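Novice: Pulled the feature table from TrEMBL, pasting it below:
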DOMAIN    3-374  domain 'Hcy-binding'
BINDING   235, 359, 360  Zn(2+) binding site
């Protein structure tokens, strides 16, 4: 099946993506992950069995897409971080794909996939240049000022080719901070005609990337790259601003709105990009969402470069609440196949994510809770079995009418508040 046929098929599917690989490695490994130049990629050399075990945990939790442990990997930077040759680093990246395939095979033999409606896909995870540089620049994109467009294209093309040749089904470009790097990635995809994938950017305000580029501009950059079939946000997006981010990435023009007491501070209208009718993307992209857990980092004073502090949950939040928050912006399969059209829409007025997973500090438990909500046809939850399922079914049937009330930023907030009051407590 060629890439166009695969993309057309995937765009009709609702899928659950896995959660954070790095945070699970930190949680389960006795080795030092945080602060290491290779981050979780060090386990490709030092503890590959743990990487495979983490993949298996996510598959058992119900995800339909698992991402390889290659987010921070590039041949030269990985070789330097692990003290191996470039050829060995390339082989480690290939081995990451084999570990993901092995996990799928193992869980399949356990007969845990009998109720699955879709085959599990392996996505080759590729972070921005700054993630491989291991200097924190992935959250600012400052490196693009020192790199040429050609340098960025060559860097990403080399990594993508390794994972494609190793057998990934698609590529997952994640946490991209600036539109210049988005453009380079689009060029890479055009040079690899058999490739397909999604792209997510890092945004902390729902309006711009962490590098300051308007999200509408990102959408316009991606619109003519047919091989990127999905666009979205991952990592640091605040849960309350997910709807605004998805609306902007769906190229919905938003009103000129001032900041508010909730901490929403959009860029000035004079620099905020607006799509005209002629600029609307001719090729539909599905929306992707991979949000963090919602925890906040509280730093502690200390000497030296070592980061000290701890994670805390905001008031009225917690690990059991993650799937509840994320499901507000998520498409859901319906238990009755005849009702499937109710849960999916191509209308730009309903910016809901179609492929959804987690990012930092989101583990298999949270993914399992999300999977049970998104895929009731696999978990066979009937309306009579669960009050929560009954409420969710009601929300699914009535959501289209409520969401169409407004597409501006304030409308997204009104929709969020309405749904929050109707959603059952967990």
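Note: Cβ is positioned from N, Cα and C throughout, glycine not excepted.
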Novice: Work through the binding-site residues one by one (359, 360) and point out the residue whose CB has the fewest other CB atoms within 10 angstroms.
Specialist: 360
Novice: So around the Zn(2+) site, 235, 359, 360 aside, which residues have their CB within 8 A of the centroid of those CB atoms?
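Specialist: Going along the sequence, the neighbours come out as 20, 175, 234, 236, 290, 291, 292, 358, 361, 362.
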Novice: Through the lens of DSSP with three states only, how would you label residue 235 (Zn(2+) binding site)?
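Specialist: Its secondary structure by DSSP: strand.
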Novice: Enumerate same-chain residues with a sequence separation of six or more from residue 235 (Zn(2+) binding site) and a Cβ-Cβ distance below 8 A; give 'none' if the list is empty.
Specialist: 174, 175, 200, 202, 290, 291, 292, 359, 360
Novice: According to DSSP, collapsed to three classes, what secondary structure does residue 359 (Zn(2+) binding site) have?
Specialist: coil
